[in-house]
Amino acid sequence: MAQRTGLEDPERYLFVDRAVIYNPATQADWTAKKLVWIPSERHGFEAASIKEERGDEVMVELAENGKKAMVNKDDIQKMNPPKFSKVEDMAELTCLNEASVLHNLKDRYYSGLIYTYSGLFCVVINPYKNLPIYSENIIEMYRGKKRHEMPPHIYAISESAYRCMLQDREDQSILCTGESGAGKTENTKKVIQYLAHVASSHKGRKDHNIPGELERQLLQANPILESFGNAKTVKNDNSSRFGKFIRINFDVTGYIVGANIETYLLEKSRAVRQAKDERTFHIFYQLLSGAGEHLKSDLLLEGFNNYRFLSNGYIPIPGQQDKDNFQETMEAMHIMGFSHEEILSMLKVVSSVLQFGNISFKKERNTDQASMPENTVAQKLCHLLGMNVMEFTRAILTPRIKVGRDYVQKAQTKEQADFAVEALAKATYERLFRWLVHRINKALDRTKRQGASFIGILDIAGFEIFELNSFEQLCINYTNEKLQQLFNHTMFILEQEEYQREGIEWNFIDFGLDLQPCIDLIERPANPPGVLALLDEECWFPKATDKTFVEKLVQEQGSHSKFQKPRQLKDKADFCIIHYAGKVDYKADEWLMKNMDPLNDNVATLLHQSSDRFVAELWKDVDRIVGLDQVTGMTETAFGSAYKTKKGMFRTVGQLYKESLTKLMATLRNTNPNFVRCIIPNHEKRAGKLDPHLVLDQLRCNGVLEGIRICRQGFPNRIVFQEFRQRYEILTPNAIPKGFMDGKQACERMIRALELDPNLYRIGQSKIFFRAGVLAHLEEERDLKITDIIIFFQAVCRGYLARKAFAKKQQQLSALKVLQRNCAAYLKLRHWQWWRVFTKVKPLLQVTRQEEELQAKDEELLKVKEKQTKVEGELEEMERKHQQLLEEKNILAEQLQAETELFAEAEEMRARLAAKKQELEEILHDLESRVEEEEERNQILQNEKKKMQAHIQDLEEQLDEEEGARQKLQLEKVTAEAKIKKMEEEILLLEDQNSKFIKEKKLMEDRIAECSSQLAEEEEKAKNLAKIRNKQEVMISDLEERLKKEEKTRQELEKAKRKLDGETTDLQDQIAELQAQIDELKLQLAKKEEELQGALARGDDETLHKNNALKVVRELQAQIAELQEDFESEKASRNKAEKQKRDLSEELEALKTELEDTLDTTAAQQELRTKREQEVAELKKALEEETKNHEAQIQDMRQRHATALEELSEQLEQAKRFKANLEKNKQGLETDNKELACEVKVLQQVKAESEHKRKKLDAQVQELHAKVSEGDRLRVELAEKASKLQNELDNVSTLLEEAEKKGIKFAKDAASLESQLQDTQELLQEETRQKLNLSSRIRQLEEEKNSLQEQQEEEEEARKNLEKQVLALQSQLADTKKKVDDDLGTIESLEEAKKKLLKDAEALSQRLEEKALAYDKLEKTKNRLQQELDDLTVDLDHQRQVASNLEKKQKKFDQLLAEEKSISARYAEERDRAEAEAREKETKALSLARALEEALEAKEEFERQNKQLRADMEDLMSSKDDVGKNVHELEKSKRALEQQVEEMRTQLEELEDELQATEDAKLRLEVNMQAMKAQFERDLQTRDEQNEEKKRLLIKQVRELEAELEDERKQRALAVASKKKMEIDLKDLEAQIEAANKARDEVIKQLRKLQAQMKDYQRELEEARASRDEIFAQSKESEKKLKSLEAEILQLQEELASSERARRHAEQERDELADEITNSASGKSALLDEKRRLEARIAQLEEELEEEQSNMELLNDRFRKTTLQVDTLNAELAAERSAAQKSDNARQQLERQNKELKAKLQELEGAVKSKFKATISALEAKIGQLEEQLEQEAKERAAANKLVRRTEKKLKEIFMQVEDERRHADQYKEQMEKANARMKQLKRQLEEAEEEATRANASRRKLQRELDDATEANEGLSREVSTLKNRLRRGGPISFSSSRSGRRQLHLEGASLELSDDDTESKTSDVNETQPPQSE
């Protein structure tokens, strides 16, 4: 079940097509056939239909082939209705049986649905193919969904566990069990994948440097564990040979914070031998296949066939490459954080395990002793493990064993040696695996404590039932018994909770108890002992064997219900245990050996003492192993060897596993478990095949069928009321009346109508529950009902159709009758003559009517044509308007598009600004943290430097002392040598003692380890208790409100109780007085009447008191009006108080009886007592009546009085607390004030100066802000003007388009070209912005690189200094060593000094290594930044190339646009506006430059102040001679200087910020100017190109015209010459005319011929001219063909000349003709006209040329202006650079001054050290601090200079942030105003509180006085009572003096109350509630 990927639709592997399932035909078929399941050998179960019942047997017909069979009724299992086909939760099946479960799983598996729920289980069947249901899209599909909302999936289980953990704060667990190859490990990986994706910390947090590192490591832990713990078996190519429990810890927010892995039962025997066609662990094959040659030579690796432990050689895994897997394993280890040394050490151990197998022994000839003939393999093994070869060989062949108290060498046999080697190999690999798990846990544990919650994932083998099972199978089956018990118990609990929620009555059965007998059989410790306890017990006995163990087990557990003995002697099994999954036969071969796991302790000791640290770490607990020396001998019994063990030195495998399992179960019980049961479908690893018997066995073993059994005991089928009513209401048609009815009532009526047995159902609050099978029965009845309804419906439909067909036939019959009647009438009339006339005349009547209709149609057609013409006109008008509207719409759309682009650009700018701001803030935070780290590091180095200097001084003093003592010690050397010999002997004795102590120490360490493990368990228990406490706190939080109410009532009851206690004490005192009066009444019986009258008088007084109290009540009513709401609750509390009073009175009666017993002395006293009791009873009645009346009257007053006192006391306590806080704050402030008083004096002056400067700078900043805001406002106005002009221009263009039809086309073309140009310009601007951003980023990276280089240089200097110090110390150390070596043999003190020096040297070397590491880190950072810089350079080159391409494209578009003059005019207007904006920006730049100059001046001022401070520092240094006197002054000046430096730093930062702002503005202006300049250059270039093009065209035209003119001149000259010649000839002809008249006829003939030739010539001439014009036109269209066209023109001109020569020749021949002269004259006039036309054209072109020249001059003027502006900007830039150069010079000067100061300081230190060495040693720390401050100041100055240099680069960013800062400033002002208002309000509240405190104090003092009075009175009364009691005890006479002093005054709130002694103490208790009542 690897990662499922593919292109298929994942939903078909998750969701079921319900349309197929709810097919009515299938439902009807199931109902009709009564389908059931019968057993089948081949298919497990087959579907069949019941045909006939014959007693206990039933005849059935198989559904597949129709065969009939007889089956027992008990073997038949019901089939579920088709609606339950492929159900997602098998608990919903109404027929819960094995056949239905198997059928459902089979159907889903064949449909590709591998996950199915079964109640709490999720059953998974291995598909043996890739399914596309594990992608991240599927994870997102299940994320946040509940279990019932999505189909079954391992992701749904994971999501449910994760959500329950977050919501309920309860730990979760996911338990994956199943056979090997069922997919446990893959599902575990999918769970981890899902949790790592859902709970990843890389989506928002920044806890670690690498986001998502923990999740990545968590996912990479599996490949490592699989390589070392998985192997290929017959069933599974990647079988986990161990169990694991993965705990993933989460914090309170749900993010993963760590993980932990626990492993169980590694199959270590696979490392030494494997079954046929199986492999050992993957890592051996991966190492041998994937290791390189160098690694193979280091690990001494060979071929696969050269290792004995690889039993089957190399067996490849289909579809996998071990070489690739090895690389993946190594990569996973690197990701997990394994070091190279750790990986190499692990691989060495793996290679050593293989080498163990190649060690061979042979048996000696005459003895059984083993020998090693070849030790080559042993040498390789010892080389890999770091052991001595000889010692290893000796330990294997002749180990040293203990016999009694002595050790002897015992020879081993070949079998014993082979066994020892295999045991060592297995133990080595097991320890390596344990170390690997521990190392992975260490990498995954990111917290110092466990997370808030965790999800545990258990991947462990399921039940294993082989033919014969061993000790490992017992452990696995024992584990599964415990897990199944946990499941049964959990399922029982959940069912119980469900039934409780729904209010269902059910007698619950805890099915978890069913498995307890089997578990007790295995784990019970005693009475009788279980299997594991007996096994451990046998391991302790010397001669125990496996056979004795089996005998004891049978003896102890033979009668157990779950234990069986083998039935026959020939059975191979030793005993059987009946597990819940079935009976399992166990063979007890070598169980004692496996339980003890013995090793050769000699070799283990060697491994523990290995020179390889890793191997020694693996074998550190060597004392816990069971040694082979404890095995006394190998007996010949069938069960193995006997053992002799140490006492208490080891713990067996069974004990360890039982403890780990107990711990695991405790963890699981404290979690909410989720169960995943993995099923293997077949053993052939074939997809799509399912073996039913195999699946049934696994379902039985996995507990799925057990869960079904538990479900059947209850009500497994449950359905909500609405669904039940909707589905089954058809069965009870009249049970529910019409109208609305509650769902529960409706279901109850339906159940009553269905007459179901009450035991078959339960009705809950929202659902109705049914026993298994009830819903199937209802489904059958529903199907029968539906069948009846359908049959009735079909009958009705058929009747309706028959009636409809009958009506149709009736209608057809009546129609036939009509047709027959008409045909008969026609047959009668067809021969009648009149009928014939009628048939002929009738059509003629119709013709006349048609003419009239045609005329009407013509008229109608004319009307329609008129309407059509009218409509067409309107349509044309509408189309014209529509066209106009479309044009307007296009205009508006273009405007809207422009606005949208502007908005998008602004939004993009805002986003970039925000991102830039965020980036700058992050950079600032990083830099600040880096600075703090460097400062801390520098401080640490300085401290270390001081310590080293002090240490060096100490060493120098020690060396001086040792030099003096060395001579003395030389004399004592001889005696010391003798002492040394004695000491050496003592050392030997001490070493023996030390070895003993080491052993004892190891024992103690073992005990400590055990205590630590117990402590860990206790911590786990405490954590579980804390979980339970958290869960209870959730419940407590719900009850807090009720608790508060109860607390209030309890407080009120306590108040009433206290009152009643006071009253009780009063009554007790009264009783005491009365009892004291009993003896007195013997003598004073006559005076009782007077006493009674006195009591009556006191009653009168009480009434007076009552009246006074009523007055006080009326006075207090105003104060307690607001407490009237609590009156009713007070009544209730009073009733409770009265009840308590009655209880107390009963207690009082009990006390009275005790007193009576004490007083019962004589019979006379008894009689007197009875009489006195009667009298006392009467007095008591009277007193109780008075008390009741009194209480009834003053009870309300007491309560109100008490509440008022409580409020006052609360106010008093609040005032006290407030006062105490104020006093604490006052004291703290006073101490701070005292500490700061001395500093304030120094700071006030500096503060005033800095405040003045700050105000000045604030004013400058405000001016700059104002200027910036003014510039923004102007920019906005210009933008608005530009938009208005753009709109006007668009309107003009639209008018031109309407006016000129031809211009529309050109305007549209221009608009399209313009949009293209805008796009191109926007692209160019975007590229420009990107270039600027990249350049700024490059500059920033360069700055960071420079800063890092500077830091690196500083670190390098510090490192060099430290190296110098180290060298000096090393040289001193060498000298010290030489001196110490001379006296090494004599003095132990010198050895101690040597050790100290060595430690110091090691510390220094370690520090040096740390510095080297830091240097390497900086170097790596530098390289990384250099790579990033190179990448950015490449990107910049790419962007430049793109920009150049875009510029080329822009030039092409500019050439196309150059033909439109209107567009050029528009550009000219825009250019003018841009020039205006540029001038405004220039003015802004000048103002910002002035502000920059002012800031620089302020900086120079600060530098002057800094120089002054340095001068002061020099004065302080010069006055350092009087160090002792001026220390206090130096400290003051130091603090003042620090304050000044801090203030200067802040001022400098403010200046830097302002300078940054101005620099950014300047950069922004420069960028704008550059952009404008580039725009101007482009415009000028385009105009130049246009002018050059026009100039070329004009020159070409002029040349052509000149050539034509030259031709005309030639023709004119020839014509004149011919004219003259013709005139001469004319004269000759006139003279000879007479002679020529004769030949005229012939001449005329010749003339006609010549005329014909002349026409031909003229036609040829015209064609030549036409071709010449075409050539001219072609030459204008294409410049590239100019030369060829000119050649053609020349050729045509030559042809024209030849034709003209022929024409002239013809003219010469027609001399005599006048017509020829006329024709030539007319030709000349035509040529003159052509000449004049061309001259006019030339003049026009010259005018255009002059106009273009004037435009060119204007452009040149503008270009010169732009050049001047650029020159001014360059001058400003040069000025800024010169200023920066000045600041650099100033910095260098400051550095020189700093160096001079350092030099002076060093000179002063030397002088002072020479003069005052003692004083210097005391003040070195302070001087060092001053040095650090000076260095820090120099660094800060350098940093300030760097920041000044950077201001030019950062100015642009600050200028962009000005607007945000101004907005923030407004917000800060509002917050400050709110804070001021809040401060005023708090002040008022403080004043009011102080007034209330004063008032409370006054009232408190008043109450205190009253309380003191009451206390004194109470004490007086107590004294009187005590005296009376003493007298009563003595039996003396009692004088009633209390009768006269029974009253006193109690003043409260101005009211005077006279209270009797009876009420005094109760009143006192009311006044002071905290004082307990006085009672005896």
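Glycine residues also receive a Cβ, built from the backbone N, Cα and C atoms like all the rest.
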Choose the correct range: of 161-192, 1025-1056, 1697-1728, which one does Swiss-Prot annotate as region 'Disordered'? Give that range.
1697-1728
Which is it, of 203-223, 1127-1147, that Swiss-Prot names as region 'Disordered'?
1127-1147
Swiss-Prot annotation of region 'Actin-binding' - which of the ranges 270-292, 661-683, 730-752, 1075-1097 it falls on:
661-683
Scan Ser1315, Ser1464, Ser1667, Ser1952 for the residue that Swiss-Prot records as phosphoserine.
Ser1952
For the recorded ATP site, whose residues are Gly178, Glu179, Ser180, Gly181, Ala182, Gly183, Lys184, Thr185, find every other residue on that chain with a C-beta no more than 8 angstroms from the centre of their C-beta atoms, and list them by sequence position.
Asn126, Asn236, Ser239, Ala461, Gly462, Cys678, Ile680
Work out how many Å separate Lys442 (N6-acetyllysine) and Thr185 (ATP binding site) at their Cα atoms, rounded off.
22
Whole-number Å distance separating the Cα atoms of Glu179 (ATP binding site) and Arg18 (omega-N-methylarginine) is 32
Once DSSP output is merged into helix, strand and coil, Thr185 (ATP binding site) belongs to helix
Translate the DSSP assignment of Gly178 (ATP binding site) into the three-state scheme.
strand
So Gly178 (ATP binding site), by the Cβ count within 10 Å over all chains shown, scores 26
Please report the Cα separation of Thr185 (ATP binding site) and Lys1241 (N6-acetyllysine) in Å, rounded to an integer.
75
Just to be sure I understand: of Arg18, Lys1241, Lys1645, which modified residues have a C-alpha no more than 10 angstroms from the C-alpha of Lys184 (ATP binding site)?
none
Secondary structure of the domain 'Myosin N-terminal SH3-like' (31-81) by DSSP, residue by residue, totals 6 helix, 30 strand, 15 coil
Report the DSSP secondary-structure composition of the domain 'IQ' (786-815) as helix, strand and coil residue counts.
30 helix, 0 strand, 0 coil
Given the binding-site residues Gly181, Gly183, which one is most crowded in terms of C-beta atoms within 10 angstroms?
Gly183
Pick from Ser180, Thr185: which of these binding-site residues has the biggest number of other Cβ atoms within 10 Å of its Cβ?
Thr185
Spatially, which candidate from the modified residues Arg18, Lys1241, Lys1645 is nearest to Gly183 (ATP binding site), comparing Cα atoms?
Arg18
Which residues of the same chain, at least 6 positions away in sequence, have a Cβ lying under 8 Å from the Cβ of Lys1241 (N6-acetyllysine)?
none
Whole-number answer please: how many Å between the C-alpha atoms of Lys1645 (N6-acetyllysine) and Ser180 (ATP binding site)?
127
To the nearest Å, how far is the Cα of Gly178 (ATP binding site) from the Cα of Arg18 (omega-N-methylarginine)?
31
